[in-house]
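The transmembrane segment annotation in TrEMBL covers 38-55, 75-94, 134-157, 265-287. As annotated by TrEMBL, Zn(2+) binding site applies to H92, H215, H219.
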Amino acid sequence: NLRVSIVTENFILSGYRFPDYSLLQCLVSAFRPTNETGNFWTHFLPIFVFAFHFLEIFEWEGAPTPGDPFFYPAWNYFIGVFYLLLASSLAHLLNSMSLIIREICFFVDYGTIKLPSLVSSSPSSSSTSLLYRYAVRTLVFLLPFFISSTPVFYRLLSPLPSPPCPTLPAPPPPPTMASFFYRHCFWLLVSALFNISKVPERFSPGNFDIWGHSHQWFHCCTFLSILDELHMIKVEMRALLLHPSLVLSPAAPPELPGPTLSSTYGVMMLLQGCIASIIIWFGRCAYQIYAPQQKLLKTQ
């Protein structure tokens, strides 16, 4: 059956929604036992957990107002994570409307992680093994980690400047930020292992079709890594807010340029525009590939 060959995954034997659902049926399916139910909730509920921990920064004593330029980078980070979790949950919820919408859903999903992931979601030849496909996709997902963590590596390897005055309180112990970062790395590694190995369903096909299959654990571990990343950022923000002289090197310029709308929101909108243009391009390719097959499905 054409629908089965396109939608099914190895080791998942039941619980599938095939690409002929209406929008209402997709929304209702969030409360029915399908193999996508857990995939939806494991990234939709974390939106509220993440928002709760993020909004705590505005309750700090002496913190500026939420609209202050000091918080521009934090708001950009929040918007990015919010968009990532929402796009992922909606992709799993709405992907059964049609084959074309299924592809576009995951183009958007991978696009929220970073631009090169779109390549890994394009149709692949049947000769490519399942393990190799998921290994490549996982490695592409990990690419932003090495790029965005460069300042963290510098921070961990650089000694903290000495307090300019002995009466000032001591800086936060380095292991505080480091511990969050190492735990963040641990959760990323575990999530990659789940995504590549397809455990536990690989060892017990059919028993984890609805709850507990590898993609749900992948979602949980990636969110735990995001949460530790947020805690790590909050540690540095609080230190910078309370004692900037204990965070910035004495060799730094006396007045560093602060965040601006163009250097934060402007850059974010530029990148999102680039990602959107590539999603549109891939969407057109998906339409050309799957439109004939979608018509065939309607006749079956």
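Including glycine, each Cβ sits where the backbone N, Cα and C put it.
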Cβ-Cβ distance under 8 Å to H92 (Zn(2+) binding site), same chain, at least six residues away: E36, N39, F40, H43, C105
Densest Cβ neighbourhood among H215, H219 (binding-site residues), 10 Å radius: H219
Residues flanking the Zn(2+) site, with Cβ no more than 8 Å from the Cβ centroid of H92, H215, H219 and excluding those residues themselves: E36, G38, N39, F40, T42, H43, S88, Q216, F218
